[in-house]
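Following: one structure in structure tokens, then a few remarks.
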Amino acid sequence: MSAPKKLYIKTYGCQMNVYDSERMAETLGGQGYVETQTPDDADMILLNTCHIREKAAEKVYSELGRFKGLKAEKPDLKIGVAGCVAQAEGEEIMRRQPLVDLVVGPQSYHRLPEMEAKAGTGEKVLDTDFPEEDKFEKLKRRPKAKRGPTAFLTVQEGCDKFCAFCVVPYTRGAEVSRPVDRVLREAEDLVERGVREITLLGQNVNAYHGAGPNGDMTLAQLIWELDKIDGLERIRFTTSHPNDMMDDLIEAHGTCKKLMPYLHLPVQAGSDKILKRMNRSHTAESYIRLIERIRAARPDILISGDFIVGFPEETEEDFQATLDLVEEVKYGTAYSFKYSTRPGTPAAERAQVDPKEADDRLQRLQAVLTRQQREVQDSMVGRELGVLFEKAGRFAGQMVGKSDYLHAVHVADCDAKIGDLRRVRIVSSGANSLAGELID
């Protein structure tokens, strides 16, 4: 029997890319590939890329440049670029980096076996189509090998919102939702492999409308179906749009015990002028009222958000409106970025904010968000939380897991095993994690 071929995958960007990388590795496993943690001994290298920000795209070209020596030493080494940079830039990748053998978009990776075979003959292969066939239907059922206690599961892809700053509609395509039975089957397979927590993924996941036995089902209805799976203890979902936060989903946060009290609900800005120019289709006030309704259903829910500062034509007054919104909502965690021009998006054609001013605003916003995050973490001290243990800690006898609220929790002298869901009393908080002790 010949030795297995080795596959190195490097993943950039969002959780969906993590999921896609897993599926690509499984797909190429049928061609005799096993994963390796280093590119040096790989027979094939795949970079699964992100195109949300300019720096993310440039990192890919920088990484490819580092493989030139490796390709010279191993001419048969196959190098591929997948994901959203592949979709957006296509042939340009091969022009800038001729060492690349194949380029595959996020809707085409089910065809990787055929692409890999063609690349093995010396042919340059490009596949960035939006095929009519459903890639999930073409992917093989996931393997039965044991895995860690948490998993991502893509249920929806693409976006129809066309925010003025965003490339997702162009790189991932229109919104599509997977049929309910396919999602449930994959979830059951994951639970059989040891998974106890599943995070449902979508670029606009709460717009989910997958086909069910009696017509399309909402995300809330899908969650209630997942709730019936024995052995699945926790359900999360990300990322959501405020306009698709429907009543039944809000209600599920208050009544479904498996749905965790954590919600990532980006707002991007607090100025109605900027929100309109972003094409967000909601106002700051409607977002705040929505948060109030969600907290009425689940008072202890932790809200997470995304923010962009320095969006074209943003004034100091506009930025102050964002700070005001942050102070009113009080986020448990949030992600903030300086606006990054993406070619082909409407915002790229508008008057840009001075970079130094944008940097200053980002620092000021992050200071407020960091304070709020620490206040929320400090409020956990003394509470008893459920913790799903995921890995051993850095110190002997230490275990690390995630709380209901997605905080990392470190427990010393811990007899819990990976995959155990235990009650923990929080005894202290740090900058990015909590420390606790087992109470059962």
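Note: Cβ is positioned from N, Cα and C throughout, glycine not excepted.
The predicted model assigns the domain 'MTTase N-terminal' (5-121) a mean pLDDT of 91. What Swiss-Prot lists as domain 'MTTase N-terminal' is 5-121.
Summarising the annotation, Swiss-Prot assigns [4Fe-4S] cluster 1 binding site to Cys14, Cys50, Cys84. In the three-state DSSP scheme, Cys84 ([4Fe-4S] cluster 1 binding site) falls into the helix class. Counting every protein chain shown, 26 other Cβ atoms lie within 10 Å of the Cβ of Cys84 ([4Fe-4S] cluster 1 binding site).
Annotation comment: Swiss-Prot describes 145-378 as domain 'Radical SAM core'.
In the three-state DSSP scheme, Cys159 ([4Fe-4S] cluster 2 binding site) falls into the coil class. All protein chains considered, the CB of Cys159 ([4Fe-4S] cluster 2 binding site) has 23 other CB atoms within 10 Å. Taken from Swiss-Prot, the feature [4Fe-4S] cluster 2 binding site covers Cys159, Cys163, Cys166, and the record attributes it to sequence analysis.
Note: the domain 'TRAM' (378-440) comprises 2 helix, 33 strand, 28 coil (DSSP; helix = H, G, I, strand = E, B). Marked as domain 'TRAM' by Swiss-Prot: 378-440.
Taking a C-beta cut-off of under 8 Å and a sequence gap of six or more, Cys14 ([4Fe-4S] cluster 1 binding site) has these contacts in its own chain: Cys50, Ile52, Thr239.
For the domain 'MTTase N-terminal' (5-121), the DSSP-based tally of helix, strand and coil residues reads 60 helix, 25 strand, 32 coil. The number of other Cβ atoms within 10 Å of the Cβ belonging to Cys163 ([4Fe-4S] cluster 2 binding site), over all protein chains shown, comes to 21. The Cβ centroid of Cys14, Cys50, Cys84 marks the [4Fe-4S] cluster 1 site; residues of that chain outside this set whose Cβ lies within 8 Å of it are Tyr12, Gly13, Met16, Asn17, Thr49, His51, Ile52, Ala56, Gly83, Thr171, given in sequence order.
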